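Asker: Okay, handing you the structure first.
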Amino acid sequence: MGDETSPLNLGTVVSVRGSVVDIRFDDDLPSIHTILRANEGEIVLEVLAQHDARHVRAIALTPTQGLARGMAVQDTGGPLKAPVGKGSLSRMFDVFGNTIDRETALSDVQWRSVHRAPPPLARRSTKSEIFETGIKVIDVLMPLERGGKAGLFGGAGVGKTVLLTEMIHNMVGQHEGVSIFCGIGERCREGEELYRDMKQAGVLPNMVMIFAQMNEPPGARFRVGHAALTMAEYFRDDEHRDMLLLIDNIFRFIQAGMEVSGLMGQMPSRLGYQPTMGTELSGLEERIANTDTGAITSIQAVYVPADDFTDPAAVHTFSHLSASIVLSRKRASEGLYPAIDPLQSSSKMATPSIVGARHYGLAQEIRRTLAQYAELKDIIAMLGLEQLSPEDRNVVARARRLERFLTQPFFTTEQFTGHKGKLVSLKDALDGCERILRDEFKDHPESALYMIGTIDEAKGKAKPPAPATPSEPDSKTEARADPKPAAESPAKAIPGPHPQSGAKPQPETDHAADTHES
């Protein structure tokens with residue numbers, strides 16, 4: 001496991017309360033973060049507090065079954081260590097550095113402490129570069145920073161893990177450096193599926209995976225992020241390679257810290273969180289940095305409890321990120337995948353000096369159009385689309401086409417949706433948005449833009465409709481000049497405007513409501 005045994009220093013278990021163990025040492029008192037072993041090395045503990053000159057309080061990193069009062073505990077003399085080096089590539093580890101992929105024994109690695117200081121300010125790089133993901137809505141509206149930190153915020157079941165897995169699929173193949181996936185308190189099934197997918201895709205040779213699953217003690221979940229960063233720092237500082245660090249889920253790190261804090265008897269703060277949450281999160285996040293030798297780019301899934309973005313865990317995480325990608329349950333229910341809310345999401349890279357004047361101008365125009373549509377939705381729901389001015393109706397048409405163009409079929413969900421995955425370059429994504437804003441596709445049905453890659457696919461997906469047909473969306477105004485036909489056959493107008501093109505249901509509530517209005 002990588003721990004170096006020091007001269008024997010034995011202690012005795014005084015009390016066991018769940019994962020917290022009090023131990024008495026009569027000779028040398030172990031220092032903070034020292035690893036202790038009991039029950040013939042099967043039970044691993046980490047010292048978190050020194051009560052007095054004889055007693056320490058430790059948190060268990062393994063289950064404590066079999067541990068009893070009076071049992072001997074051995075001081076290993078060192079902290080928790082992680083394996084670093086080329087021998088760790090293509091392997092899967094637990095928090096102790098043990099391989100869990102049933103492959104050959106580990107070789108060609110060094111062992112380093114997981115407790116390391118962030119790089120000093122003098123070593124940090126201030127150069128700003130864009131990191132392309134191949135996902136249209138992210139690259140256009142909230143570009144990621146090379147060497148930065150991006151968070152995927154969302155409640156349960158809105159697609160955080162799917163989006164993170166798709167980014168792995170898209171970026172690991174074109175990313176020249178090393179990728180590390182760190183699973184903190186997530187499902188064992190997801191780790192197994194990810195390992196198999198990466199192996200089949202042929203990207204495992206440049207990837208390291210490390211897990212502490214939700215069934216493990218809070219101490220293990222609390223330390224696995226530090227172990228992953230230790231591995232990433234080796235490739236950045238020693239190998240001078242760029243790193244891609246993917247964390248699922250950073251909230252589970254905070255949650256594990258809350259459990260540890262409660263077990264240690266600390267006074268809780270707001271909503272039961274630990275009083276040291278800000279310090280603990282900073283100790284992890286500040287190690288993710290862009291230096292003169294290389295960069296660690298991090299993408300982190302962040303679970304938001306009960307979709308409450310004012311939760312202290314979400315608020316503290318927001319402050320460390322260069323890009324915040326917010327996933328919306330409403331958009332997911334409408335079938336607009338990826339369910340990213342373009343108005344709540346943001347990136348500090350979206351400035352003219354970094355992305356260029358054209359990209360910045362297009363992004364602002366897209367946000368403005370979508371924001372106007374969001375304001376008009378209440379009026380449409382109450383009065384109908386025909387009560388809007390012609391200019392507002394054009395805004396609604398552009399916004400709905402933009403929303404559908406910014407959907408994208410994922411490689412990782414092909415087997416569920418039936419749509420073949422698409423990887424779209426930033427240039428193609430910008431061209432598509434620009435052409436929609438110029439009303440180049442106003443004669444195409446909205447469904448032609450749904451779940452496509454580049455904008456040219458829309459032309460092959462659906463031919464422009466005949467101009468005089470009452471069921472077409474762009475002829476709706478003319479068709480309703482005479483209210484009688486609409487009143488006589490309201491049902492006919494509902495399915496006509498938007499023929500479905502995929503497995504997911506298309507959101508057509510606005511137009512369906514409009515037909516009954518007249």
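Glycine is no exception: its Cβ is also placed from the backbone N, Cα and C atoms.
Values in this document were obtained by computation on a predicted structure and should not be read as measured data.
Annotations per Swiss-Prot:
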type     : residues                                                       : note
BINDING  : Gly154, Gly155, Ala156, Gly157, Val158, Gly159, Lys160, Thr161 : ATP binding site
COMPBIAS : 473-485                                                        : compositional bias 'Basic and acidic residues'
COMPBIAS : 507-518                                                        : compositional bias 'Basic and acidic residues'
REGION   : 455-518                                                        : region 'Disordered'
Asker: Does Gly154 (ATP binding site) have same-chain partners at least 6 apart in sequence with Cβ under 8 Å from its own Cβ, and which are they?
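Answerer: Expected: Lys160, Val302, Tyr303, Val304, Asp307, Val326, Leu327, Ser328, Arg329, Ala339.
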Asker: Within a 10 Å radius around the Cβ, which one of these binding-site residues has the most neighbouring Cβ atoms: Gly157, Lys160?
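Answerer: Highest number of other Cβ atoms within 10 Å: Lys160.
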Asker: Can you list the residues of the same chain, besides Gly154, Gly155, Ala156, Gly157, Val158, Gly159, Lys160, Thr161, whose Cβ falls within 8 Å of the ATP site's Cβ centroid?
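Answerer: Close Cβ neighbours, site residues excluded: Tyr303, Leu327, Ala332.
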Asker: Can you name the residues of this chain that are 6 or more positions from Val158 (ATP binding site) yet have a C-beta less than 8 Å from its C-beta?
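Answerer: In sequence order, the residues whose Cβ lies under 8 Å from that of Val158 (ATP binding site) (at least 6 apart) are Leu327, Ser328, Arg329, Ala332, Ala339.
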Asker: Return the residue, from the listed binding-site residues Ala156, Gly159, with the maximum count of other C-beta atoms within 10 angstroms of its C-beta.
Answerer: Gly159
Asker: Do any residues at least six apart in sequence from Thr161 (ATP binding site), in the same chain, have a Cβ closer than 8 Å to its Cβ, and if so which, in order?
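Answerer: Once residues fewer than 6 apart are set aside, Thr161 (ATP binding site) is near Glu186, Glu190, Asp248, Ala301.
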